[in-house]
Amino acid sequence: MAKNKFNHSWLHDHINDPYVKMAQREGYRARAAYKLKEIDEQDKLIRPGQVIVDLGAAPGSWSQYARNKLADSPRAKDGRIDGAVVAIDLLPMEPVADVTFIQGDFREESVFRELESVVLDASGGNKIDLVLSDMAPNLSGVAFADAARIEYLCDLALEFAQAHLKPEGALLVKCFHGSGYSQIVEKFKRHFKVVAKRKPKASRDKSSETFILGRYLKAVD
């Protein structure tokens, strides 16, 4: 009975969520688009001409938002965007116009090589401007296990960013407050000159979800 009450409560909140309604009106696949939108408006992350990689992209609302920002440029002509968005996820994703999607686990060498190849082609052999990660583990409710899974996914995004970002590039990852949160923030501070924590209004109040932004890579010793 308690589980049914919880499900009915979640469904009621979801149906009446203003961000869900806005996403439906504006054609976004998920309300998560407005989390990125708010952070982008505050921090000016996405600009015309950029090459952007979206890790854990499905169902695709972050890729949609990034694509729309790159399309909103005087240099975006003939239906093309000014820049490139490369998205990857374990799960399938319906195509997003102008977004290159790879389905697979980028921890696997063959998938990682494909991702690198697509990114190099999109960037003209240069490094990239922005890495977005909305990756999240399946949470078990066991605090220490969940903390380890969250930290692991943040580490994957951080390692990818270190290898592929321009020195002036940025990394935005989803995280959750918990026992490993401060360690993740410290890792960002070791690798980026500017680190900020963001909790957009579109994140549900009851959620421990937060976002960590790193900008301007530090030189490797």
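Cβ coordinates come from backbone N, Cα and C, glycine included.
Remember, it's a predicted structure, so these values are computed and weren't measured experimentally.
Same-site candidate for S-adenosyl-L-methionine binding, as annotated by Swiss-Prot with GLY60, TRP62, ASP105, ASP134, chosen from ASP78, ASP89, ASP121, ASP146: ASP89. Take GLY60, TRP62, ASP89, ASP105, ASP134, the residues named in the record as contacts for S-adenosyl-L-methionine: the widest Cα to Cα gap among them comes to 19 Å. TRP62 (S-adenosyl-L-methionine binding site) sits 12 Å from LYS174 (active site, proton acceptor), counting Cα to Cα.
Over all protein chains present, the Cβ of ASP134 (S-adenosyl-L-methionine binding site) has 23 other Cβ atoms lying within 10 Å. Each residue contributes its Cα atom, and for ASP134 (S-adenosyl-L-methionine binding site) and LYS174 (active site, proton acceptor) these two points are 5 Å apart. According to DSSP, LYS174 (active site, proton acceptor) is assigned to a strand segment.
Taken residue by residue with DSSP, TRP62 (S-adenosyl-L-methionine binding site) is part of a helix.
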